[in-house]
Amino acid sequence: MSSFEPEKDVIEQDDPHSRNPGAPGLTKQSSRASSRHSLKKTASNVLDKAISRLSTRNIKDPGPAPDGGLRAWTQVAALWTCSLTTWGYLNSFGAFQAYYMDTLGETQSTISWIGSIQLWMVFFVGTWSGRALDAGLFAPTFLLGAALQILGVFMTSISHRFWQLLLAQGICTGLGSGIFFTPSLGLVTTYFTKHRGLAIAIMSTGGSVGGSIYPVIVRQLLPKIGFGWTMRTLGFVNMTLLGVSFAFFKPRLPPRKSGPIVEWAAFRELPYVLVVFGMSLVFGGLFWSYYYISSFARTVIGVSYADSLTILIVFNAAAIPVRLLTGYMADRFVGPLNAMVPLLLLNSLFGFVWIAVDSRSGMFAFATIYGFSGGAFQCLFPTTVTSLNSDLTKNGVRLGMACSVISFAVLAGPPIGGALLNTNGGGRGGYTSAQIGLGLATALGALCLGTGRVQKYGWSLRTKC
């Protein structure tokens, strides 16, 4: 018997005139009503799935972090890809700095504002966008940021003037990166407690890998297909990588109430102030070297544009293994703050050694050693800041505050270093002034961190901190 036959029997019993010409209309109306109900139910299911994907409001608290397992390490892999497209792209700005010098007719200090604003956006905007994870809005925040970053890269491909590049590569790309990176980092930390330092160290290698890959792409494609299509290729690369990341990211916790954006009491704690100020000096100088190492090789040493990009690649690639090593050693043996101080002193020494480099082979050797030294301490920054805090619930806000302060240092550092290139007669003399400034800023930063360490933990070297 058909499923529609019982309905037919009821109609015949209730309406003796059901066989008249109007009866088929009742059947059609019933069919249309059933179809509308089915469509509404399907649309409702699709909407519920979309909302559940865009919001974490339906997630129940799963308890303690798994601290490992396939899903947790998959999140690390997705974050690594985000780091590649964000910090890798930033670390490769030296390739664009050298190219823009040849094509825009602007000073090096002026050009460096493009990279500095992009970097500032990532640090500063990330402080605020990280709260979207707490609100249960990870997915829409990630999609918005990724769309803006990719839009910025594609708009860079049609930019021919400084102000256009400043808007596209500096502001739009940096804004997008800042919007999606910090929530992604926060998501991954919810999967780890004991191995959180290792997870962050693995993530940080993505920046070094990206800083090596993007210059390779630029070096190979720029002479063959031009600037526009080279940038579009980078845009398609980022689009693919961020799409893969989004597909694998899975928020673990339900929405939760965020704490305050600023904890003013932290600025009354001398160790915290010293560490944040010291790291501001360090990062302000460090990113000058990322932006100008290729330009120095080209304008002072006299290498080709292709060789200058290879030097940048070596500089970034040298940091890959040491990031993992120092992250592991600091977590296992001495603590991040104890490791940071001598690593910064070593890095400041290489700032002065740079002055003596005067040959192509010497440039490659220096890029390797300095890249190794610079990568050694960068992965320790988050855990160094949080090591000063005994209340773990305040780690997020204090780290965000530190990033906000440091954002202004990285905004001003490269342009200030670029302005120093016009002192001391310009040329090598100008670079010498900037290199001295780099060494002094890093040494002073190390002194600030060392003083903060003594203020917090005393003089004993046996204290792990």
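Including glycine, each Cβ sits where the backbone N, Cα and C put it.
Note: TrEMBL annotation is automatic and uncurated.
The annotation compositional bias 'Basic and acidic residues' is assigned in TrEMBL to 1-18. Under the heading region 'Disordered', TrEMBL lists 1-43. What TrEMBL lists as transmembrane segment is 70-90, 110-128, 135-156, 162-185, 197-217, 229-249, 270-293, 305-325, 337-357, 363-385, 397-416, 436-454.
Counting Cβ pairs under 8 Å to the transmembrane segment (270-293), the top-ranked stretch among 110-128, 135-156, 337-357, 397-416, 436-454 is 436-454.
Against the transmembrane segment (110-128), the recorded stretches 229-249, 305-325, 363-385, 397-416 differ in Cβ pairs under 8 Å, and the greatest number is found for 397-416. For the transmembrane segment (337-357), the list of distant contacts is 275, 282, 285-286, 289, 301, 326, 329-330, 363, 366, 369-370, 373-374, 376-377, 380-381, 384, 387-388, 432, 435-436, 438-440, 442-443, 445-446, 449-450, 452-453, 457, 461, 463-465: same-chain residues at least six beyond its ends, Cβ to Cβ under 8 Å. Contact between the transmembrane segment (162-185) and the transmembrane segment (70-90) is supported by 3 or more Cβ pairs under 8 Å, counting only residues 6 or more apart in sequence.
Looking at which of 70-90, 135-156, 229-249, 363-385 has the most CB pairs under 8 Å to the transmembrane segment (197-217), the answer is the stretch 70-90. Same-chain residues lying 6+ beyond the ends of the transmembrane segment (229-249) with a Cβ under 8 Å from its Cβ atoms: 74-75, 77-79, 81-82, 84-85, 89, 138-139, 142-143, 146, 149-150, 153-154, 156-157, 180, 184, 187, 214, 217-218, 221-222. Within its own chain, the transmembrane segment (363-385) has Cβ neighbours under 8 Å at 197, 200-201, 204, 208, 272, 275-276, 279, 282, 286, 289, 293, 297, 301, 303, 310-312, 314-320, 322-323, 325-327, 330-331, 336-337, 339-340, 343-344, 346-347, 350, 353-354, 357, 398-399, 402, 449, counting only residues six or more beyond its boundaries.
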